[in-house]
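Listed in TrEMBL:
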DOMAIN    B:8-348  domain 'Class II Histidinyl-tRNA synthetase (HisRS)-like catalytic core'
BINDING   B:ASP73, B:PHE74, B:THR75, B:ARG100, B:GLN114, B:GLU118, B:ARG307, B:TYR312, B:TYR313  L-histidine binding site
Amino acid sequence: MSVKLGVPSKGRLMEKTFDWFRERGIVLGRAGSDREYAGRVEGIDGVELVLLSAGEIPRELTEGRIHLGVTGTDLIREKLAGWDLRVEELAELGFGHADLVMAVPGCWVDVDTLDDLDAAASAFRERHGFRMRIATKYHRLVRDFLRDHGVADYQLVDSQGATEGVVKNETAEAIADITSTGETLRANHLKILSDGLILKSQATLFRSRRVEMSDADRAVLKDLTARLRVD
Amino acid sequence: MPVWQGHTPEARARVRACAARLRAGFEAAGAAPVECPILLPAATLLDLYGEDIRARAYVTSDALRGEQMMRPDFTVPVVEMHMAGGAEPARYTYAGEVFRRQEEDEARANEYLQVGVEIFDGSDPAAADAEVFALVRAATGGMQLRAATGDIGILMAAVGGLRTSAPRKAALMRHIWRPRRFRALLDRFAGRSEVPASRASLLAAADPFAGAGPDIGLRSRVEVEARIEALRADAGTPPISEREVALIDAVLSVRETLPYALENLRDIAVDMPAISEAVAGLAARAEALEARGIDTAALDFEAAYGRTHMEYYDGFVFGLYAGTRPDLPPVATGGRYDALTRVLGRRAGRPDGIPAVGGVVRPGLMVELGGAA
């Protein structure tokens, strides 16, 4: 057995994760070609690198198939109910910053707060005969947030990408999406509600609380977290 | 032996037997047995409860019928079935599985048997309320359950009687079942909380649309203008008086045994005559309960009971709890849901709804508590 570390398999998130580990003396990399998803680890024995889609890492952690995993806080909280019983946050890695926010068209000059959104949703339903549509891929986080704030008369519609465009296409009236600079929102004539911050997310190293470990694994994990200075 | 949710085959058989006995009891009291599908069209439930229902019910789908929900309770299908052909007065009973999605607590069952009785009879609401309560109480008789009761209709009457604008009353009424938003609105309307800066500057602006960007989306300029007009009208509406807010608070804090609660509410009604009729209804229900042999002096009454978890219950509400096991959900719950039948009735051509009251029992909990014998 070995301690399995799950890391996003593509793009900037992977590169930055590799950098973060390298700064702490652990070298991660792809085993063979750029297209191969097997990984290699130098600088410590008994650790295996598993390259995965960032969206699958929460599930792999909660199923106990990997011991450690790097992914966004947003994905952990969206996908895992009772997330803090399933995983432990070891370290925020300082990149991959993104905020999950509620945004509405800039032309809705009457809507600046959730209170306004709720009132607008009520009037919208009366006029159009259906609930105001909010496009998102973060169904659970958005629903919990809106319920906690007492917003009613809305419905969530699924949007897995290019969410900023749905309002113009009239498939939704508002959105809840990840943004880092707000640039794409502005370009699509959307504005963030002043109390519409649902979650601040960044790339984070998580430890599974649900994984079975041998004594040898435990020793490796202890050594690794000490070297990463996250113990 | 592997067991499912704590059920050995023997324990399961006891739960089923208990369910059959409960249903037979309701039948003997004059209710007609009915069956309902497990898979319900999602649209009806979504229309009623909005997005929140997705956190409570399991959703599935196929290409032919679209989205469906696994029955989270029997009330909706029984009302729909009745509206499609039943005549009043009617009494129904049913027994079957319900399914509740659990996202917080793994210890809570996500499927269990429920046995219920529903009465559609508007001739004497107080008597029908008492009948359901007495039936459910008798069904769980001998278990020493603590009864909690309430009446959301009193708070609704209090809101209806406020001396303020119709839109403000409608906004409060819309959030009767969401206490946090209700409180925030009440504070705003009473002038207790500050007007948000963004709203103040919107109303002060010469051109509210300056720099707003292009018109996009289905919500049109006309709708935005209409809301600005509504905000202007609201800004010119005098605040709800401190005295009236105090009376709403007084109603919400009533928590006594039924006879004392009634006395307390009658005192409040002197200053707030709008609740008199609802309080008279509570008194009539107390009498009807006594006539059914319920000792109302031992019955707890809380004006705010059921407010957070029984949306559309707009009158009598109750729950029966095992005092020794505060970790368990109530063994039985019920109440009056005229508001729900009005919403469902819109589609069925009966916008006035049907006066309806019902209650459900969980035989699984009765067996667990040793009260199913």
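Backbone N, Cα and C atoms are what each Cβ position is placed from, and that goes for glycine too.
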Q | Max CA-CA distance, Å, over listed L-histidine-binding residues B:ASP73, B:PHE74, B:THR75, B:ARG100, B:GLN114, B:GLU118, B:ARG307, B:TYR312, B:TYR313 | A | 22
Q: Please report the number of other Cβ atoms within 10 Å of the Cβ of B:ASP73 (L-histidine binding site).
A: 20
Q. So, in DSSP terms, is B:GLN114 (L-histidine binding site) helix, strand, or coil?
A. strand
Q. So how many other Cβ atoms are close to B:TYR313 (L-histidine binding site), meaning within 10 Å of its Cβ?
A. 27
